[in-house]
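Lifted from Swiss-Prot, the feature list:
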- 1-30: repeat 'ANK 1' (REPEAT)
- 34-65: repeat 'ANK 2' (REPEAT)
- 67-98: repeat 'ANK 3' (REPEAT)
């Protein structure tokens, strides 16, 4: 099984499959095809349970992808409040700026997310 299957499981929230990959030796901090890490795909797709599992296995909460985007920024861009809340509770750095020069608070129009970031 390659990156395609691992990324599919992450994006679709198939926690059992993600666990199988990770417990089978997949590195939760490895840069996957596409220049992103598992945390980015989970944050992009609103998969908070997958995020929590990856963090429990040592995933870097502030890892930047090939564009300089962190998982928190990914979750903010996509409007995934539960993911933002989880990442903040686990210590995500909300001051990091993305390639557009905006931090997490500045990068979202979602008021519920803005409230979490204040």
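From the backbone N, Cα and C atoms, a Cβ is placed for every residue, glycine too.
According to DSSP, the repeat 'ANK 3' (67-98) comprises 17 helix, 0 strand, 15 coil. The average pLDDT computed for the repeat 'ANK 2' (34-65) is 98.
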